[in-house]
Amino acid sequence: LLSPMPWSLAQPVTPDLLVSPSSQDGDLGSECPEDRGNWTGRLDFLLSCIGYCVGLGNVWRFPYRAYTNGGGAFLVPYFIMLAICGIPIFFMELSLGQFSSLGPLAVWKISPLFKGVGMGTILIVSLVAIYYNMIIAYVLFYLFASLTSDLPWQHCGNWWNTDLCLDHHVIKAGNSTLPVNISNTVSPSEEYWSRYVLHIQGSSGIGDPGRIRWNLCLCLLLSWTIVYLCILKGVKSSGKVVYFTATFPYLILVMLLIRGVTLEGAWKGIQFYLTPQFDHLLSSKVWIEAALQIFYSLGVGFGGLLTFASYNTFHQNIYRDTFIVTLGNAITSILAGFAIFSVLGYMSQELGVPVNQVAKAGPGLAFVVYPQAMTMLPLSPFWSFLFFFMLLTLGLDSQFAFMETIVTAVTDEFPYYLRPKKASFSAVICIALFLMGLILTTEGGMYWLVLLDDYSAGFGLMVVVITTCLVVTRVYGMKRFCRDIHMMLGFKPGPYFRACWMVLSPATMMALLVYNIVKYQPSEYGSYRFPTWAEVLGILMGVLSCLMIPMGMVVAVLQEEGTLWERVQQASRPAMDWGPSLEENRTGVYVASLAGSQSPKPLMVHMRKYGGITSYENTAIEVDREMEEDDDDESM
């Protein structure tokens, strides 16, 4: 029985890197920690990542950013920044999560001194989850409002309309040869959004929230209920829901795209969106905007990617998955631009105004401009329902990721108490965040939403990502990190990834951070300027997530013994139990850290215990050999 072993050692088998072990023959159930839960299907992880990254920003931020920053020329810095910042950081996060099978707090066993980074991440994600679900509540409100034969924002003359309201249908019916001055008028959709949905006229500003809008409150309650039911059983339930929420938006997007490009005047909008203005590439602002779009679109730093990867089997091919998700996300953004701008081109022709007068970004596009464009189409309620259903599915799977990140992070810290009660703990988190979000359902709630949007995930998030990058490459060590990936995937990251991790990615994000601080502009909503106290509150939100890092350092140092420098050194080293979560994956140096392992040749013990030798254990032999060579070099 043991005779084939020397042959196996002499002829190492290289694993097929393009086929993840989860898709190869054989039962890999033994790889999954039973009590923590794992993905139950082959595509659960991939679709969850696609659903997480492809969100509302792809529809309402990218197209607007592209047209204001050089049209088609914007794609040049966009793809360069994707290569420098997006793909490497994305791969780093997935690698950390999969290697350790730990959430964004417990993963800092890699260097306990920096556990505050994980705490900062959880604070940021919690703040984002509060207002992101409010946006989903607005989408639900419009979705229900579309279930009618006549859209409520189609005409003026409702109780919420003012004298400034101008209905484009009236202009068309009048066939007036005189040009109509629309500069001092408001569209019915804009008044529906601000005066009916938000009822913002009931609030004088952020300090005067006014009354709760009960219809919005019920929509928020419904959105939290949907999110809770989908994450009830962790990744086992959310991993199945994403088969619908991650794929269905593409079907609707293609339908909207086909409808859009067949409209009269559509080419006008597409031309406006894609006409390259290469002179823009000389402006630093365009490169910064491209990096920001990549940074927020891929969701790096929020802990979602790390959390999802932590539920993978140890040898899942995340290298391949990284390229599928990041490139798929970029292509989706570009497609969404065609769907949006083709309709805006039609709308500008109908209204007789230039495209740049109807183009907007953010909530203004989703809740004012696009709904107005829908009223100009035949079967407008149908197209409106489709559009808002697409936004709902896009938003929900990003929200699943935020919630899964918070729940996983805390349950991994207290596994004995919380893992058996994960469903109850998830319910407590959802209720707490719903109650915190109630202020967003008031008449002045939009001011609070803008404040949260501007500050919760601003410079704090960048500090978190820069610190993570520097800790992994400088404190833990690039050689060690590459060795871990080698052990997990069967190959080491190439010079491209190493150069990005060591220099290019941190330097680019540092430039982003400096630019954000230098070009700081106070928040505003339309013509409303936020008071100083609100600005200070917003800045404190960002600073608090950064302060978690030094606070975590103080706690880690106090838990060690010796002089201050010795404590810092001890706290910065990986914890004794750092490494793969399952015993059979702990090959090479990591076997020595298991309880009861006394053997000077831990890999041999591992092979005798688990029998035979796999292609991945060949990799472990290579890693062991490299480590011995490194030790010899150091002793010399």
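Heads up, the Cβ atoms here are built off N, Cα and C, so glycines get one too.
Caution: TrEMBL annotation is automatic and unverified by curators.
Looking up Cys165 in TrEMBL gives a disulphide bond whose other cysteine, out of Cys156, Cys217, is Cys156. TrEMBL assigns the feature transmembrane segment to one of the listed ranges (361-381, 382-402), namely 382-402. The feature transmembrane segment, as given by TrEMBL for the ranges 45-63, 577-595, sits at 45-63. Excluding Gly51, Val54, Asn58, Ser297, Asn329, Leu394, Asp397, Ser398, which define the Na(+) site, the same chain contributes Ile50, Tyr52, Cys53, Gly55, Leu56, Gly57, Ala246, Pro249, Thr332 within 8 Å (Cβ to the Cβ centroid), listed in sequence order. On its own chain, Asn58 (Na(+) binding site) has Ser297, Asn329, Thr332, Ser333, Ala336, Leu394 as residues at least 6 apart in sequence with a Cβ closer than 8 Å to its own Cβ. Relative to the transmembrane segment (75-96), the listed stretch 290-311 leads the set 45-63, 241-258, 290-311, 423-449, 455-476 in CB pairs under 8 A. With pairs at least 6 apart in sequence, the transmembrane segment (423-449) and the transmembrane segment (496-518) have fewer than 3 Cβ pairs within the 8 Å limit; the two do not touch. Taking every recorded stretch in 117-144, 241-258, 290-311 and counting its Cβ pairs under 8 Å to the transmembrane segment (323-347), the highest total belongs to 241-258. Across the structure, Ser398 (Na(+) binding site) and Cys156 (disulfide bond) are spaced 36 Å apart at their Cα atoms. The number of other CB atoms found within 10 A of the CB of Ser398 (Na(+) binding site), across every protein chain shown, is 24.
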